[in-house]
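**Q** Starting off with a structure, shown below.
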């Protein structure tokens, strides 16, 4: 894509802009040099990173669709409130943005979320100073603990290219799975290699429903030597560095010298939590006091609602977390296993929290109907036999009973999912049809006072858009959607 020449040097750094869900549109303009033939505006994708390059930048990687736009300049308070920013070639850009930069000169510019901006900035500073992300040994994909300059873990980054079925997955589990058992390889109900969008989408749903069980998660771009790169990428990086060192005039023409950044989901790290399975085993041997049990029930119901709405196909008791906090005694977190459960009765007003992590295998485009059912493992817990509380019903029912709220949710997910270069609109509509069916069942279950286990036993429904119906902004179930039941069951069914 060609652009008019500007006064910026050829080695000006490209930019990454993370758009807040509240942002509606990003205006791009230069005070002296118009951008041509680039579009002058782009709709903000909730929770995703948009990459911006200065006019002199040129694409190097085949298959990358990256907008080449000018560097952001100062933002007025009014522009921030509206979720907009103007891009210019001001020399004070770095001082006027909440941003950081990685080794190759690329920047994350985060709008309307100073807390998350600071965390990303510290992560990039750490990478620059040699504190690299550490690969997590558990799991079947490449995921990394991201640290700040002091070495403290602040987030978990999961690159798209290193997902379980990604071409750069550093772990061999899925490779052997593909070779030894190809008939069961992958999950036929999921869009392949879009787990990072599923992670960010789960947080978006959690935020829209007011659940508060998913740690803040957004799609960003990061680069680190510890990520798994192909031999070609590493060789190209070494070659560019050598060219810059030996022939500076040639080296300066490259807009990227180091390794290429990777897009992926960045989830804030939660402190003090342990795997749910750890606590659940203790609850079996020594049940919680009644007040504490009720405190656990409320976030548990929110976890159920999240998983059911997004149809999480990978929810075991080892990938959601529980944190137990005592206001009177901090010894519980220090002693760990040595703290006897019988002493819990002496602790006043304990607080129990739940964190729903590992949401990368959700948003299927059809209900599981092949080999496996991918059940929710929480369905066999005692908490799943308790009817949804009035508090949960009052929180969720007013929202999901409104089809316009559901339409807004689908539109936000559309803006997020379409940022992936493999996005297919028809497949996305199928994903939303499944989600709308899940919401329809959830609405009925909450109205009838059912339990979580009764919820998952309800007939599976798909609510498809009726293109002959109303296409206006106000949506009604009767004239815009059609409801069908999905009767085919997987070979190995759990219920």
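Indices start at 1 and increase along the chain as displayed.
Keep in mind that glycine also has a Cβ here, set from the backbone N, Cα and C atoms.
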**Q** Besides 143, 158, 267, 268, 269, 270, 281, 282, which of 358, 369, 394 does Swiss-Prot list for that ATP site?
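**A** My reading of Swiss-Prot gives 358 as the candidate in that site.
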**Q** Quick one: which of 209-229, 230-250, 335-355, 356-376 does Swiss-Prot have down as region 'Activation loop'?
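**A** That would be 356-376, per the region 'Activation loop' entry in Swiss-Prot.
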**Q** Counting Cβ pairs closer than 8 Å, which of 136-142, 274-282, 311-319 has the most of them with the region 'Important for interaction with membranes' (371-380)?
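**A** Of the candidates 136-142, 274-282, 311-319, 311-319 scores highest.
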**Q** Under 8 Å between C-beta atoms and at least six residues away from its ends: which parts of the chain pack against the region 'Catalytic loop' (311-319)?
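**A** Sequence-remote neighbours of the region 'Catalytic loop' (311-319) are 187, 189-190, 202, 275-277, 280, 357-364, 367-368, 374, 376-378, 381, 434-435, 438.
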**Q** Max Cα distance spanning 143, 158, 267, 268, 269, 270, 281, 282, 358 (ATP binders), Å?
**A** 31
**Q** By the DSSP assignment reduced to helix, strand and coil, which category contains residue 281 (ATP binding site)?
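**A** Assignment for residue 281 (ATP binding site) reads helix.
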**Q** Kindly assign residue 358 (ATP binding site) to one of the three DSSP-derived states: helix, strand or coil.
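**A** In three-state terms, residue 358 (ATP binding site) counts as coil.
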**Q** Please list, in sequence order, the residues in the chain of residue 281 (ATP binding site) that are at least six apart in sequence and whose C-beta is under 8 Å away from its C-beta.
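**A** Those within reach of residue 281 (ATP binding site), by Cβ under 8 Å and sequence separation of 6 or more, number none.
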**Q** Measure from the Cβ of residue 269 (ATP binding site) and count the other Cβ atoms within 10 Å, all protein chains considered.
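**A** For residue 269 (ATP binding site), the count of other Cβ atoms within 10 Å is 16.
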